[in-house]
């Protein structure tokens with residue numbers, strides 16, 4: 001698995017950015033901004049837009065300097081407007097699923113910005129009215145989110161137009177609106193040209209890039225699993241493996257989402273066939289890595305550990321033949337563990353068989369390896385599969401948001417419309433209505449407090465408040481973003497001060513620094529919002545250099561105003577109609593359990609009466625989506641979260657491990673029921689009874705999450721013994737038959753749910769026992 005260093009780093013780069021989405025967004029934004037800057041410069045220089053006419057006659061040196069400064073400021077302001085349009089258009093691209101919708105949205109983009117700019121310029125002479133317009137326009141922009149991506153984009157542009165109108169009032173007035181419309185039109189034309197020439201949104205190429213990322217992430221996962229096998233006591237490597245499992249699933253879901261667009265499909269391929277291939281590959285890979293981690297902690301004998309490592313090496317190298325050879329060696333050794341009829345009593349007495357759990361893990365490890373090898377062979381024999389016809393339009397389990405999974409967006413929206421179990425969660429509002437109110441309060445406070453700090457620069461506090469509500473869906477995410485904005489500004493002020501002094505007389509280098517800073521800020525945005533803030537602060541320092549207003553004290557003012565905006569926003573989202581993270585996590589957990597029970601119900605039906613498993617796979621994908629939402633909602637501060645009944649620190653490792661394990665066990669059901677033979681009628685009836693008890697007990701957890709009161713009085717009744725009775729009553733000769741494994745999966749799911757109930761301090765009882 002050893003690779004040359006350049007290849008190793010290239011694969012790390014590809015694995016870190018699925019579909020090169022971050023790279024393309026950053027490159028498109030910077031290319032659009034650079035082209036817009038050049039075109040706006042040419043537009044102003046050629047037309048004299050916004051530049052005062054010096055009139056006839058000879059100017060004094062002082063007058064000539066003032067005119068030159070005004071002309072330069074006009075150029076800089078036009079460039080800034082064009083740059084903002086280029087940046088917003090780059091983020092708009094992934095928001096629209098089809099090029100035609102994107103083109104229409106970009107063509108309409110100037111309208112809200114022009115309207116906002118007209119409002120800002122018209123009210124600029126009336127200071128209080130102008131300040132009030134910022135609040136009203138921003139709240140209206142938040143409300144426009146109810147109309148989807150186009151409304152969200154219009155709200156941003158409306159506010160930015162109003163802000164620019166207010167900001168530019170010192171340079172122009174409402175009579176110059178015609179020139180400003182021309183500047184906006186130039187920026188929009190450049191953005192459209194960049195979008196549809198250099199960065200044409202080809203859905204087919206996007207899917208190809210995403211499939212490539214899936215393959216690279218598969219290799220990274222196998223390498224991480226091998227490291228865990230070699231270093232079973234290294235918890236850091238184990239955590240890294242778990243993170244890679246989540247990221248691989250993320251990539252698979254992103255591929256599924258793209259299959260909904262027929263234009264994304266390769267020639268001759270069907271969405272159903274591609275979906276099943278990706279599903280099978282991801283499930284097999286996930287199980288190979290998981291079972292390898294479990295085996296690493298069992299101190300396997302060397303003659304078994306060697307082929308386990310061989311499988312992982314082969315999977316990392318995408319070598320199906322070598323993987324099957326290693327898996328077959330494991331199977332032979334497992335077969336030799338079973339007593340043969342010809343063995344003498346003495347031989348049987350001296351045989352030390354592997355524990356049952358170890359045998360099951362090795363069997364599943366081999367089965368997963370065989371499944372993955374089959375998928376690899378099918379990819380090479382039929383790169384664009386069509387073995388499954390499309391029965392209507394493909395309906396993915398998730399819709400992307402800006403080119404990515406929605407994270408906690410949907411569960412936060414659900415929490416916003418539901419009454420929580422605390423008094424502060426009692427107000428039910430649509431997300432767009434809640435954010436409109438919060439924005440109005442936060443921006444009002446930012447204007448008031450920011451004006452006390454600096455009457456001239458308070459708008460930095462307003463901008464800090466505005467951006468906090470972009471891409472953050474609940475109080476914890478918004479507060480975290482506020483903190484990161486301050487942290488990024490602190491670093492950016494230092495870097496900007498150094499660059500400002502070094503590049504004061506080097507305009508071209510200054511422009512290059514701005515573009516480089518923005519590129520890295522945008523590229524690393526999903527790593528941390530602080531990087532984006534650093535890039536913006538460096539850009540602003542160079543802007544004020546060009547306006548001859550740069551100073552270290554100015555940057556410190558920016559830091560102070562940013563802290564004001566971030567602080568008042570954090571207080572607002574914490575106390576004004578907050579969406580508490582505890583409420584969001586409770587909703588996410590409920591949806592995770594609901595999706596889990598759907599998989600269980602369909603799997604039980606498959607065991608009793610085998611049928612097409614397409615719906616079961618679709619349900620497993622919905623479970624994946626629910627789990628990703630739960631992971632996103634809890635990841636910022638998992639150790640500090642609280643759920644009903646959870647004392648002393650909230651979401652403990654027990655809860656998270658159980659939630660994660662329950663999903664893995666449910667996904668195993670898809671594999672084990674696929675090749676299972678039907679259960680006898682009585683066994684099927686007993687299984688249905690056990691499954692009903694499991695569902696009822698899970699319903700108690702859901703009720704506990706919703707009510708949040710008297711959690712300790714609720715009971716989770718175990719159903720594992722009922723599943724075990726069904727398994728024992730069957731005439732299977734081996735514990736590794738598919739239906740035996742499926743019944744074991746159901747027992748394990750019951751155990752995971754019992755752990756979740758216990759982490760909430762519910763009582764956990766066996767059928768014939770007291771509390772566990």
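A Cβ is built for glycine as well, from the same backbone N, Cα and C atoms used for every other residue.
Here's what TrEMBL has on this protein:
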TRANSMEM  64-90  transmembrane segment
TRANSMEM  102-120  transmembrane segment
TRANSMEM  126-144  transmembrane segment
TRANSMEM  151-171  transmembrane segment
TRANSMEM  177-200  transmembrane segment
COMPBIAS  331-350  compositional bias 'Basic and acidic residues'
REGION    331-354  region 'Disordered'
TRANSMEM  432-452  transmembrane segment
DOMAIN    446-570  domain 'Integral membrane bound transporter'
TRANSMEM  458-476  transmembrane segment
TRANSMEM  483-503  transmembrane segment
TRANSMEM  509-532  transmembrane segment
So, does the transmembrane segment (151-171) come close enough to the transmembrane segment (458-476) to give 3+ Cβ pairs below 8 Å, pairs being at least 6 apart in sequence?
yes
When you check the transmembrane segment (102-120) against the transmembrane segment (151-171), do you get at least 3 Cβ pairs under 8 Å, counting only pairs 6 or more apart in sequence?
yes
Long-range neighbours of the transmembrane segment (126-144), counting only residues six or more past its ends (CB under 8 A):
116, 119-120, 151-152, 154-156, 158-159, 162-163, 166, 169, 432-433, 435-440, 443-444, 447, 462, 466, 469
Cβ-Cβ under 8 Å with the transmembrane segment (177-200): same-chain residues at least 6 beyond its ends:
24, 27-28, 31-32, 35-36, 39-40, 43-44, 47, 49-50, 78, 81-86, 89-90, 93, 99, 102-103, 106-107, 109-110, 113-114, 117-118, 121, 168
Looking only at the domain 'Integral membrane bound transporter' (446-570), what are its DSSP counts of helix, strand and coil residues?
100 helix, 0 strand, 25 coil
How about long-range neighbours of the transmembrane segment (432-452): same chain, 6 or more residues beyond its ends, C-beta under 8 Å?
131, 134-136, 138-146, 416, 458-462, 464-466, 468-469, 561, 564-565, 568-569, 571-573, 576-577, 579
